[in-house]
Each structure stands twice: as structure tokens, then as C-alpha cells.
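Undergrad: To start, I am sharing the structure in question, which I have written as C-alpha cells.
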Amino acid sequence: MGYKKKTIILAVIAAVIALIYIFYDLSGNIGYILPRRITGVTAMVLTGSAIGFATTVFMTITNNRILTPNILGLDSLYLLLQTFIIFAFGSQSLVMMSSNINYFLSVGIMVLFSLLLYRFLFKGENNNIYFLLLIGMILGTFFGSFTDFMQVLIDPNEFMVAQDRMFASINNVNKNLVYLSLGLMIVVTLYFIQFYKYLDVLALGKDQAINLGVPYDYVVKRLLVIVAILISIATALVGPITFLGLLVVNVAYEFLKTYRHFYLIMGSVLISIIALMGGQFVVEELFAFQTTISVIINFVGGIYFIYLLLKENKSW
Amino acid sequence: MVDLKRVLKSYNHKNVINDVSVSVEKGTITSFIGPNGAGKSTLISMISRLIAKDDGDISIDGKDITKQKNNDMAKKISILKQSNNVNLRLTIRELVSFGRFPYSQGRLNKEDWAKVDEAIDYMELRDMQDKYLDELSGGQRQRAHIAMVIAQDTEYILLDEPLNNLDMRHSVQIMKTLRRLVDDLGKTILIVIHDINFASCYSDQIVALKDGEVVKQGPTCDVIDKCVLREIYDMDIDIKHVNNQRICVYFA
């Protein structure tokens, strides 16, 4: 079975799961439930796409299949920001209560942070991408420790609110923000199109890319900005969600067995969407919200991934 | 013509390339020889834009390489580095087709595929063109990479130790192919090489480097000389004439 066929199959599965999620056990106040479920599905499609897309691009830039944008420290920054607001202004403050303000603040700060990080690191000749990752990782750890520190100090009731933010949640996304994110993502994708042709070549490594005429520094910097914006949108919308990336992109690589980025990105996006919707469905219907979606996805996805590795019995 | 004028590269205030001026004629094989750490690879990397120079001028056919468009340069000059760890699942044919990227930007037309076929035939890879790179031996993989460079169809080809990890048969095969590229197709080849006998037998010009400086450059017969080699390698190397070729005996 070729990778084109497999991509189509993934698309069909995603569509079927979306329909099941929307129409399963549809009773009671349909006028209330239906729009809510559609918003939920849209949110999951958006976050799934953002994560699958950003992680595939990131792994290609770094030429490394175990590095995810997680390492840039955006997740930790998001948690630090949320905790800091609760710590400084309390959970009843306007920023905490209004999802709009919170969203803009989160996206703004995360994007600003990444831009500053890139600017600082790409100044002069020091263009080593692994140095960027090292700094991102250290800052991420720093943010994490600082978050812990503040969480220890705040009132236990306030801590409950903070803890709530630590897990990705699709249940309470704001409809307006979903459509706003959709708009942002379309803009970012349109901007990305001009760089798309370089991805296959970038995957050959820096030297080959330069040899084949890719304006390497220019392209990589812009792709990193795109990655940061996508991750920021997804995180601000549903919470820390980058854990998904490592799994879905690797599953896409193993499943599709191609180097063509069009299919790899489509595959990662579709697998993310399937994982999110499937996981959310199981969380809602089977576990009645007793567990979180990250647990389900990591459990099922991890088992599948190990199965793929054992079957292949290769580094690939 | 490749022209380097007073080129300088330093890492942490240590000059790894110091005031190097070299000029390479069109239609020749020029070998860069010298002990480890002489700066051969650094020099080749600078000519091919992989790393930036700190000072001096590098020009190809009279044009400064830093002032050219990346894509135009990729049609003029190509480089093959010594480590080619491609961790993609590619077949030989797919790898070779990447060589057409500067012309096609990933959308290969008939002409591009014809060039790919030509390159595959040139390296005699036709019957294994659909094999994956990770199924190949070192020699086959090296040939696949050279086929990609041939598909890129540049006037200038730079190779950084292409004979690394290859046995004699494959090494000779590759050197002969390079010779044909120069003699038949008029390419200009710059090559970093460790085995001075390969340099002696197959190149037109030799540039000898030591500690980031040019010790000697000129026709092969001038550089493969007892005094010159002693200066480069700090050891006495006997030179024997075998079948009109200068063979260095360094197993003293």
C-alpha cells in the first residue's frame, strides 16, 4: 500500500471519528449540545494540525526524530504565566476569568519569548541550532522550577485553579477563540507555503541543503518562527499539548514510509486529529472524565509505537 | 576558475586558515593534500559556502561567491562532504533526483529526469536504483552520492575525502570516474585526499597545506617531490617511478 493511499485512509478515519464524536448519543437539548460538540471538534482539528505540522517541520530542521518543539520551553512558559497571574492577581482576576484576554496574553508572550530567544541566539555568527535547543531546555526547566515555587506558596484553592491549567482540556474552549485561532493558522499556513519546497531538501541536512542552493539561515529562522507561532496558538487554546508531537510524527514516519513532506505533514496532522478526537471520545464516554486525554494518548500511542519499532526491528 | 585571495578563517582567535591564496584552473583535477588539521576541509567548505570566511576574497569565474544568489551558485558549484549520514528512507534514484533541486525546486520535468537517468547510468547504478540507501555498502552509497552531484550538473565539483572507507577497487573506480568527468565533460574538480598516491596518479595540480598555510602549489610532478613532501609531512618519503607514475613509498 502506497503512502498516498495511506494518507487517504487516515483522512477517512479522521472524518469518521469526527462524525461519531459529533453525533454519538445525541439526545436532550440538541440546540445546545451540537454547536458545543462542533466547536470541540474544530478545536481538536486546529490543535492537532498545529502540533502535527509544527513538530514535523521542527524535526526536519533539527534533523532529529526525537526533538519536539517542547524543547523550546513554550509549555513551561505557558504554565509559568498562568501560575504567575494567579500568584500575583488571584484566580478571580480579570485575566484569569476572561479567556479572551488570557489567550491574547499567552500567545503574545510565548511568541515574543521565542522571537527574543531566536534574535539573541542568531545574532552574529553563532548559528548553531543545538545551542538554541540547549538554551530553550534550560529556560524551560527554569520556568518549571519557578512555577513549582509559586504553586507551593499560593493558597490551596488557588492552586486548584493553577493545576487545572496544567492539563490540556478541550471541554471548555471558547468558541470565538477557536475561530480566531483558525484565522491565525490560515495566515501562518499561507506564509509557510513559500518555504514548503525546501523541506525535503532540509531533511538531507544542512550541508546538502546549502549545496543545493537553499538560503539556509533565512529559511530556518522563518520556519522556527512559524513553529513557535503554531505551538503558541495550540497551547493558548487548550493548554500544554506538545507531548502529542513526538508520538504522532514518528507514527506518521513509520506508517507512511516516505520522505515527502507533503504526505508527512498531512499524515502527522491527521494522526494528531485522530488521536485527539479518539482520546477525547474515550475520556468522555468510557471514563466519564476520570482521566485526562494525555494519559490515553500516550498509553495507546506508546504501545503502537513500540509495536512498530519491534516489527521493523531497525533504527527506522 | 576558482580564485582565493588572502583567505582567512579563525576559531577562537586561532587562525585555521591563514592568508591562503590559491587559484584553480578550469578543466583540471586539483588535489588538496596535507596532514590532519592542515585546514583542507575548512578551505573546501569555504569555497562551497558551507562555512563563512573571515577575511579575503573567494571568487568563481571572477564573481565573488558571497554576492551570488544561493540558487545560482548551486548550479555552478557542488560539494560532497565526507560524512553523508542521510537519515531519510531514500532510494538511490530519489537521492539522485535531489541533485536537480536547483533547477526544478522539487518539481522535476522530463529534462530533469533525463539528467537523473544519465547520472545513474554514468555511475553504473541502473540495476540497483530502487534500492534504499540503508541497504547499500559504503562504496555503493558513495557512488550514489557522486551520482547526485553529477545530476546537479555543475561546472565545479568539490569532494571532501571521497575515498574514505573505500577499498582499493572502489577508490580507483571513483578516481577514474572523476578523471572521466574532467576529460570528457570538462568539469573542474577540487578534491581533498589523504592518500598521496591517489593524488599523484590522478590529479593535474596539487595544493599542499600545512597548519593553515599553503606550502606548495603547482603541477603534480612539482609537488610529489622528496623535499616538498618532507616539508609537508615531516617524514622522509621515497619516490619511485612505476609505469610513468610517481609512487610514494612511506612505509619506512
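Just so you know, glycine gets a Cβ as well, placed from its N, Cα and C.
Automated prediction, rather than curation, is the source of TrEMBL annotations.
Pasting the feature list from TrEMBL:
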{"type": "TRANSMEM", "residues": "A:6-26", "note": "transmembrane segment"}
{"type": "TRANSMEM", "residues": "A:38-59", "note": "transmembrane segment"}
{"type": "TRANSMEM", "residues": "A:71-89", "note": "transmembrane segment"}
{"type": "TRANSMEM", "residues": "A:101-122", "note": "transmembrane segment"}
{"type": "TRANSMEM", "residues": "A:128-155", "note": "transmembrane segment"}
{"type": "TRANSMEM", "residues": "A:176-196", "note": "transmembrane segment"}
{"type": "TRANSMEM", "residues": "A:223-249", "note": "transmembrane segment"}
{"type": "TRANSMEM", "residues": "A:261-281", "note": "transmembrane segment"}
{"type": "TRANSMEM", "residues": "A:287-310", "note": "transmembrane segment"}
Undergrad: Are there residues at least six beyond either end of the transmembrane segment (A:128-155) with Cβ under 8 Å to its Cβ atoms? List them, or say none.
TA: 61-62, 67, 70-73, 75-77, 79-80, 83-84, 86-87, 117-118, 121, 162-163, 220, 224
Undergrad: Mark yes when the transmembrane segment (A:38-59) and the transmembrane segment (A:176-196) have three or more Cβ pairs under 8 Å (sequence separation 6 or more) and no when they do not.
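TA: Yes, the transmembrane segment (A:176-196) contacts the transmembrane segment (A:38-59).
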Undergrad: Going along the chain, which residues at least six beyond the ends of the transmembrane segment (A:38-59) come within the CB cut-off of under 8 Å?
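TA: Residues 18, 21-22, 65, 67-69, 168, 170-171, 173, 175, 178-179, 181-182, 185, 189, 199, 223-224, 226-227, 230-231, 233-234, 237-238, 241-242, 244-246, 248-249, 252, 261, 264-265, 267-277, 280.
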Undergrad: Looking at the transmembrane segment (A:71-89) and the transmembrane segment (A:261-281), are there 3+ C-beta pairs under 8 A, with each pair at least 6 apart in sequence?
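TA: Between the transmembrane segment (A:71-89) and the transmembrane segment (A:261-281), contact is absent.
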Undergrad: Any contact between the transmembrane segment (A:261-281) and the transmembrane segment (A:101-122), i.e. 3 or more CB pairs below 8 Å with pairs at least 6 residues apart?
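TA: Since fewer than 3 Cβ pairs under 8 Å link them, the transmembrane segment (A:261-281) and the transmembrane segment (A:101-122) do not come into contact.
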Undergrad: Please indicate, using numbers and ranges, the residues of the same chain that are 6 or more beyond the transmembrane segment (A:6-26) and have a C-beta under 8 Å from a C-beta there.
TA: 33-34, 37-38, 40-41, 45, 255-256, 263, 266-267, 270-271, 273-274, 277-278, 280-281, 285
